[in-house]
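Feature annotations, courtesy of TrEMBL:
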ACT_SITE  B:His56  active site
ACT_SITE  B:His102  active site, proton acceptor
BINDING   B:Tyr59, B:Lys98, B:Asp502, B:Gly539  ATP binding site
BINDING   B:Glu100, B:Asn540  Mg(2+) 1 binding site
BINDING   B:Ser101, B:His102, B:Asn103, B:His104, B:Arg123, B:Gln247, B:Glu319, B:Ser320, B:Gln321, B:Ser542  substrate binding site
BINDING   B:Asp124, B:Asp275  Mg(2+) 2 binding site
DOMAIN    B:21-60  domain 'Phosphoribosylformylglycinamidine synthase linker'
DOMAIN    B:81-195  domain 'PurM-like N-terminal'
DOMAIN    B:209-361  domain 'PurM-like C-terminal'
DOMAIN    B:445-564  domain 'PurM-like N-terminal'
DOMAIN    B:577-696  domain 'PurM-like C-terminal'
Amino acid sequence: MKTAVIVFPGSNCDRDAHDALLKVTGKAPAMVWHKDGTIPDGTDFVMVPGGFSYGDYLRCGAMAGNSPVISQLKAHAERGGYVLGVCNGFQILCETGLLPGALMRNASLHFVCRPQALKVETANTAFTSAYDGRSEVIIPIAHHDGNYYADNETLDRIEGEGHVAFRYAAGQNPNGSARDIAGILSENGRVLGLMPHPERAIGGHEGGDDGLGMFESLLSAA
Amino acid sequence: MTDTTAILDHLTAEQDEAAGLEHGIKADEWDRLVTRLNRKPNLVELGIYSVMWSEHCSYKSSRRHLSKFPTKNDRVIQGPGENAGVIDIGDGQAAIFKMESHNHPSYIEPYQGAATGVGGILRDVFTMGARPIALVNALRFGSPDHPKTRSLVAGVVAGIGGYGNCVGVPTVAGETQFDEGYNGNILVNAMAVGLADQDKIFYARGATPGNPIFYVGSKTGRDGIHGATMASAEFSEGDEEKRPTVQVGDPFTEKLLIEACLELMATDAIQAIQDMGAAGLTSSSVEMADKGGIGVEMDLDKVPQREEGMTAYEIMLSESQERMLMVLKPGKVDVAKAIFDKYDLDAEVIGVTTDTGHLVLKQFGKVVCDIPVAPLADDAPNYDRPWNEPPKRAPLDIIKYPEPEDYGAVLVQLMSCPDMASKRWVWEQYDRHVMGDTIDSSQSGGDAAIVRIHETNKALAICSDCNPHYVAADPYEGGKAVVAEAYRNLSAVGAIPIAITDNLNFGNPEKPNTMGYIVKAIEGMAEACRKLDFPVVSGNVSLYNETDGVAIPPTPVVGGVGLIEDLSKTATLKGAQPGDALYVIGATEGALGASLYARVILGLKGEEAGAPPPVKLAEEVRLGGFVRSLIQSGLANAVHDVSDGGIACAAAEMAMASACGVKLMPGCQPEDNRADLGFFGEDQGRYLIAANEDQVRAWESEGFLLTELGKFGGDSIVLKTGLDENGKEFSITLSSLREAYEGWLPAYMNSVD
């Protein structure tokens, strides 16, 4: 599988994304600088990493969503390429319109970093097939703006189409997210945005290893 | 249109002694200045002298005492004197670390004060070529009842998180305590640890004449002018109005600055580098000139400026954040500019190094400052302040106080008191996991954080410690205890303790009583550093922590760093298994003086709380080695240092972290059979260990005092006050203890007065 990681000014999970992809695929991803970088031809999977692109000084992801590299990202998605946006990456994907809805400030108004129990809504996706038979995984979160919002019609639609990939485990919603949504898929199921950080749960550290399944799923899909 | 003539006249006007006083230059210092300069200074020069000779920059009250610290061992590459300390961690790599205070700014404007504290300490570390890999903070607030405390906690925590989370460096450990002694003067001490290759370490020294002086980072504004001078004076009521002297942090720019500097450092372009911290462009240029034995000439019109019409005085004294100054090697300007351009950061050549030994500054084409560098740095005052021997406290006579009736209730009260209660509300606001190398953090409540060295099987153990109650009770023994606890905390996770950074927070050194605590605490700490082979490699002194004449409790905080050679050989407090025996290693005599129990349960303050426990340093070395050998050999399931609240509190922490109950007896049986001494005594040099029978059988414990206190199992903590039928049992379920322990801080922060 050929992979790439987009790097914005203020991205800070780009190295973690690199390491996770290297560990799972055995090959280093292309690191694509937002301003003048190119997503290499033949890339199967692009990761939009977490961090504070442009300091999140305007609205999280808003400025990155208008960066030069975004047109390439959209073209990749339109070709049916896989995209995973984590945390700030999820916010950016919502800003670009690749995913519906928006991420508002956490209901607590505090940044929150903790191991988070997630309900795997479906194992029938390119991102979750390795979780088949597991109803719950624990993946760390770390964000200030993870409170997913969309209007009811949109929420009904993405739920109805099976495009909610992960929810926060019952009673453990950390940010006030609508219908406990932690991660959603695009209509073609090939773009996933989620607040928890699978790249921080690849084994051998405090984040555990439940995130590996997401990359392994992709490896078998691509 | 700027009237340059009027500005130049203003800047170059000769100053007098009264102007010196306004700048915090005292009469004797004024005489010294005029003598060294051979004339009176102009306004720019006076401003520069005032910050360079401020307590904050010159350490004029503490320098002669700081020299008592040992600063070397086999692993020290760079001790105090550079931006941060550097230690050898093997395989050609180095750990670079320092702790620094941002106390005054954080009290005035908690969010920005704390945020810029984090920014400043990060710059100290990446200035030297290190990628920052961990942040730690030590916070001390006033009494929870004080009307300002809640908002200060909220602001400081948000500020630390806001900065550290954005730059993408994990905040892995810390401490948060409360005491009325900090009501008017909180402490915010931040520590950063970085990782570098030993052949790519950058210093402030090494600049030679004839090379470009390169300014990078944010533009210079009018913020923070005279911050260093503010940090060198006492507070009084209404000082919140000094808010404009607090700088505003921009972590996004810092993140870009880290990446750009590290990228430039990978090329061979930098001759010397210094971040612009306190006293900004002044101290960074003077430090590099002084350490290189050279002069500096700068054209201030070339300094990137945020506002129009700034004067040389303002430019030189601005403490705008996220700026660096470097001396480039010949022919490297284009390489450097291209890198900073990639990150959209300002980068300008603003001057040149010279062989004159003078600091020469020009604005609007005219010289506005021409002073020799050496007197600024080397001839700063170095006082031998008079000091009084701190009074000795009588030992606590526990017999005067009744034994508690319900030990379970005492345990709950201790574990949920402000100092001991879970700080989850704090550390959940910090990103602890970015960079992917956090093996153990505040999340497990352990003795030290464990941070893997990227792409290796090694790790650094990092902790911060200070028990100000001991230091107040006996600065010498208390100073020893601070260092010894850091040594134990690192040993308890299986790390070899290597070195410390210190952050000495005290009151006004011009008062002989306060100065006495400074002197004795340093001497005690130095003694411990020597005996434990645990030298000081960097640090910071924060004096004048007083409000309306009342000093804070003496609070010398240390940040310890140790090395774990093999990540498969570590221990934490959370591995205890049902059926494991609970052992205490080290002698328990029931030292309750200055203890948590004396303060919280007996309600004793100051003098009446008695003398702190003595620290036996040779014993610490022996015990630390033994504990590390157990961990190395896999002969312990969980290890925990015994500190505040004694054995009972330490065991409760292990039980909660391991999700396994424990039944235990006190660590000693004194003549009168009081169990509080054994449960809550804070005798130093002790560790709790959870181990199974096979492990215990393999211990080579000859010569070590080991006492089996009880066994893990069940879902309650059971305190049994004595052997057999003499002992009463007090039981408290883990869930109810956890509720009290976890509940205090969120309830406090969410309540409304």
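Numbering starts at 1 and runs along the chain as displayed.
Using the three backbone atoms N, Cα and C, a Cβ is placed for every residue, glycine included.
Since the structure is predicted, the reported quantities are computational estimates derived from the model, not experimental observations.
Through the fold, the domain 'Phosphoribosylformylglycinamidine synthase linker' (B:21-60) approaches residues 10-15, 66, 226, 228-229, 231-233, 278-279, 282-283, 286, 312-313, 316-317, 359, 361, 368-369, 371-372, 375-377, 379-383, 509, 541, 543-544 of its own chain, all at least 6 residues removed from its boundaries and within a Cβ separation under 8 Å. In this entry, nothing among the recorded positions B:His56, B:Lys98, B:Asn103, B:Asp124, B:Glu319, B:Asp502 has a C-beta under 8 A from a C-beta of chain A.
Across the structure, B:Gly539 (ATP binding site) and B:Ser101 (substrate binding site) place their CA atoms 9 angstrom apart.
Looking only at the binding-site residues B:Lys98, B:Ser101, B:Glu319, B:Asp502, B:Asn540, the one with its C-alpha closest to B:Asp124 (Mg(2+) 2 binding site) is B:Lys98. Cβ neighbours within 10 Å of B:Glu319 (substrate binding site), excluding its own Cβ and spanning all shown chains: 30. Each residue contributes its Cα atom, and for the residue listed as 'active site' and B:Lys98 (ATP binding site) these two points are 16 Å apart. Helix, strand and coil counts from DSSP across the domain 'PurM-like C-terminal' (B:577-696) read 49 helix, 17 strand, 54 coil.
Of the listed active-site residues, namely B:His56, B:His102, the sparsest CB environment within 10 A is found at B:His56.
For the pair B:Glu100 (Mg(2+) 1 binding site) and B:Asp275 (Mg(2+) 2 binding site), the Cα-Cα distance reads 14 Å. Residue density at B:Gln321 (substrate binding site): 29 other Cβ atoms are found within 10 A of its Cβ, drawing on all protein chains shown. For the binding-site residues B:Glu100, B:Asp124, B:Asp275, B:Asp502, the greatest number of Cβ atoms within 10 Å around a candidate Cβ is found at B:Asp502. Here B:Ser101 (substrate binding site) comes close to B:Gly117, B:Leu187, B:Val188, B:Asn189, B:Ala190, B:Asn503, B:Asn505, B:Asn540, B:Ser542: these same-chain residues lie at least six apart in sequence, with C-beta atoms under 8 angstroms from its C-beta.
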